[in-house]
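Sending over a structure as C-alpha cells; questions will come in a sec.
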Amino acid sequence: MADGLNRVHFNPSTAQLVEFALLRGEGELTANGALVAKTGARSGRSPGDRFIVREPSSEAEIEWGPVNQAFDPGAFEGLWARVEAYLADKELFVSDLEVGADTEHYQPVRVTTQYAWHQLFARNLFIIPEEFNRKDKPVWQIINAPDFVCDPARDGTNSDATVILNFAERKVLLAGLKYAGEMKKSMFSVQNFLLPAQGVLPMHCSANVGKDGDTTLFFGLSGTGKTTLSADPKRFLIGDDEHGWAPGGVFNIEGGCYAKCIDLSQKNEPVIWDAIRFGTVLENVVMDEHRVPNYKDSSLTENTRAAYPLEHIAQRKEDNCGAEPHAVVFLTCDVSGVLPPVSILTKEQAAYHFLSGYTAKVGSTEIGSTSAIQSTFSTCFGAPFFPRPAGVYAELLMKRIESFGSQVYLVNTGWTGGPHGVGKRFDIPTTRAIVDAIVSGELKDVETVHLDTLNLAVPVAVTGVDSNLLNPINTWSDKALYAEYAQKLAEAFTKNFAKYQVSDAIRNAGPKA
C-alpha cells in the first residue's frame with residue numbers, strides 16, 4: 001500500500017510477513033516451518049539503554065534510578081522526529097493490536113516496524129482483537145527502527161541504541177535494537193505503570209487453569225521455569241509471562257508466548273516443542289545443514305527464544321482469562337543449593353519473598369552478563385519492568401491474597417546437595433511432581449518441618465518426590481558446610497531487605513541471619 005515515498009503494509013498476515021522476511025533476507029525457514037532470525041550483538045535486553053521520559057503527569061509516581069532512568073522530554077521529541085524522518089522512505093509494517101485480554105483493562109497499540117519479522121513477533125506476542133479498541137481508548141504507538149543508529153551526543157542516549165517510554169504521549173521508541181523481546185517488555189512496563197491505578201496487580205508470572213477452573217500462578221525471572229511449568233499437558237494455559245490480577249479474576253496481558261529454547265526437548269517440554277511451527281519466530285537458534293534447529297547450540301547466545309501465538313497451543317484457555325488463583329507459586333533458582341524444593345508460605349512470608357525476589361539469572365536475558373548463572377534479588381520477580389515503587393505492588397499482592405485466600409508456595413528450581421558446580425539441579429520431573437501436589441491441594445494442610453535459619457515450613461512428604469530431597473540438609477554430604485551456606489544466604493536476604501519500609505510482621509517473616 002503506497003503511503004508517500006514508502007510502502008506501508010497494514011495488518012499483514014503471518015504468511016505475508018514470513019514471505020517478506022525471506023525476500024528481504026531477514027531470516028531463514030527451518031525444517032519445522034518456523035522463521036529463524038538473528039539479532040546480532042544484542043541478543044538480550046539492554047537495561048542500560050532503557051529510559052522513561054520525565055514529565056509532570058507521571059514524574060511523582062515513578063521510582064527513578066538505574067532501572068527507571070529519566071529522559072528529557074525535549075530530547076525525546078527530537079529523537080522521535082529523527083527516527084520518523086529516517087523511516088519516511090522505508091518499507092514499513094504496521095498493525096493495530098492490543099495489550100491486555102480484559103475488556104476494561106486493555107491498551108490499544110499501533111506497532112510500526114522496519115523489519116517484517118519484528119512485525120510477526122508483535123502479532124504473535126500482542127493480542128489481535130476481533131474489533132480494535134472497542135472502548136475507543138487513546139492509542140499507544142510503538143516505533144521499532146533497528147537500523148537507526150543513535151548518537152549519544154546528539155540524542156541524549158547512553159549508546160547507539162535505546163528504548164524510551166513516554167507515558168504522557170503514549171509512545172514507545174525502540175531504535176538500534178534487533179532483539180524483539182524489547183517490544184513486549186516495553187508494553188509490559190506500560191501496563192505495570194497503568195494497572196495499579198485501576199486496582200489491578202500486574203505480574204511477571206505465567207498462569208494456567210485446571211479442568212475444574214482452578215487457577216495457578218507461577219512467578220519467576222527468566223529461566224526459572226515459568227513457561228515450562230505452566231505448559232502442563234494436564235491443564236489449560238492462560239499465558240506464560242505477563243498477567244493482571246483484578247478483583248474477580250486473572251487475565252493475560254499478551255496473546256502469545258516467548259519461550260526459552262536452550263536444551264529444549266520433546267520429552268521434557270512437549271507443549272513448547274509442538275508450538276514451534278510455521279508462524280513461530282525463532283531468535284538466535286542455530287540450525288544444522290538440513291535446517292533442523294539445534295536447541296543445544298548456544299554459540300550465538302544462551303538466550304535463544306521461540307515466539308509463537310497462543311493459538312499454537314492446543315490446551316489453552318481461549319479467552320486468555322481465569323478465576324482468581326487458589327495457588328500462587330514463587331519460582332526461585334537457588335544457586336547456593338540451600339533452599340528446599342518447596343516451602344509453604346504465610347501471607348507475611350509471601351510479601352517478604354515477593355519483595356525480595358531472590359533467584360538467579362539463568363542464561364541471562366540481559367546483554368553484557370559475564371556469567372551464565374549468578375544469584376540476584378529482583379523485586380517482584382521482575383525489577384527491570386516495574387516503574388512504580390516496589391511497595392505499591394507488594395501491597396496489591398497482599399490485598400489480593402487476603403481477599404481471595406490464595407495459598408503461596410516457594411519452589412526452588414535450582415540446586416541441591418551443594419552450590420552450582422558441586423550439587424545438581426532439580427530435574428523437571430521432580431519440580432512437576434511438586435507442582436502437581438500444589439495444584440491438587442495436597443500441600444494445603446500437610447505435616448511440615450520448620451527450617452530455623454531459612455524460616456521456612458517444608459512438607460515432610462510430597463507424592464512422587466523422594467522425601468530425602470525435601471529437607472535440603474539431607475542432600476549435602478557436609479552438614480556443617482550446609483549450615484554455613486544457609487547462614488550466608490540468610491545474611492544476604494537480610495542485607496537486601498534492609499531498604500524496604502515494611503511492617504515488623506513482614507520483616508520478621510524472612511530468614512534469620
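Glycine residues also receive a Cβ, built from the backbone N, Cα and C atoms like all the rest.
According to Swiss-Prot, the record shows the following:
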BINDING   ARG45, TYR179, LYS185, ARG305  substrate binding site
BINDING   LYS185, HIS204, GLY220, LEU221, SER222, GLY223, THR224, GLY225, LYS226, THR227, THR228, GLU269, ARG305, THR431  ATP binding site
BINDING   LYS185, HIS204, ASP241  Mn(2+) binding site
Given the ATP binding site residues LYS185, HIS204, GLY220, LEU221, SER222, GLY223, THR224, GLY225, LYS226, THR227, THR228, GLU269, ARG305, THR431 in the record, what is the largest Cα to Cα distance, rounded to whole Å?
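The span, Cα to Cα at its widest, is 27 Å.
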Could you round the CA separation between THR224 (ATP binding site) and HIS204 (Mn(2+) binding site) to a whole angstrom and send it over?
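Cα to Cα, THR224 (ATP binding site) and HIS204 (Mn(2+) binding site) are separated by 12 Å.
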Pop the Cα-Cα gap between ARG305 (substrate binding site) and GLY220 (ATP binding site) into the table, whole Å please.
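On Cα coordinates alone, these residues lie 17 Å apart.
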To the nearest whole angstrom, what is the C-alpha distance linking ARG305 (substrate binding site) and THR228 (ATP binding site)?
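Rounded to the nearest whole number, the Cα-Cα distance is 13 Å.
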Look up ARG305 (substrate binding site) in the DSSP assignment and reduce it to helix, strand or coil.
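SS state of ARG305 (substrate binding site) = strand.
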May I ask for the distance between LYS185 (substrate binding site) and ASP241 (Mn(2+) binding site), taken between their Cα atoms and rounded to an integer number of Å?
10
Please report the Cα separation of ASP241 (Mn(2+) binding site) and SER222 (ATP binding site) in Å, rounded to an integer.
9
These are the binding-site residues: ARG45, LYS185, LYS226. Which one scores highest on other Cβ atoms within 10 Å?
LYS226
Counting every protein chain present, what is the number of Cβ atoms, excluding its own, within 10 Å of the Cβ of THR224 (ATP binding site)?
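The answer is 25.
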Three states by DSSP: which one describes TYR179 (substrate binding site)?
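TYR179 (substrate binding site) sits in coil per DSSP, no helix or strand.
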Among the binding-site residues ARG45, TYR179, LYS226, THR228, whose Cα is within 10 A of the Cα of HIS204 (Mn(2+) binding site)?
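Checking each Cα against HIS204 (Mn(2+) binding site), the hits are LYS226.
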Beyond LYS185, HIS204, ASP241, what residues of that chain have CB atoms within 8 A of the centre of the Mn(2+) site's CB atoms?
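Here the non-site neighbours turn out to be LYS184, PHE188, SER222, GLU242, GLY382, PHE385.
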Tally every other Cβ atom lying within 10 Å of the Cβ atom of THR228 (ATP binding site).
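Cβ-Cβ neighbours of THR228 (ATP binding site) within 10 Å number 24.
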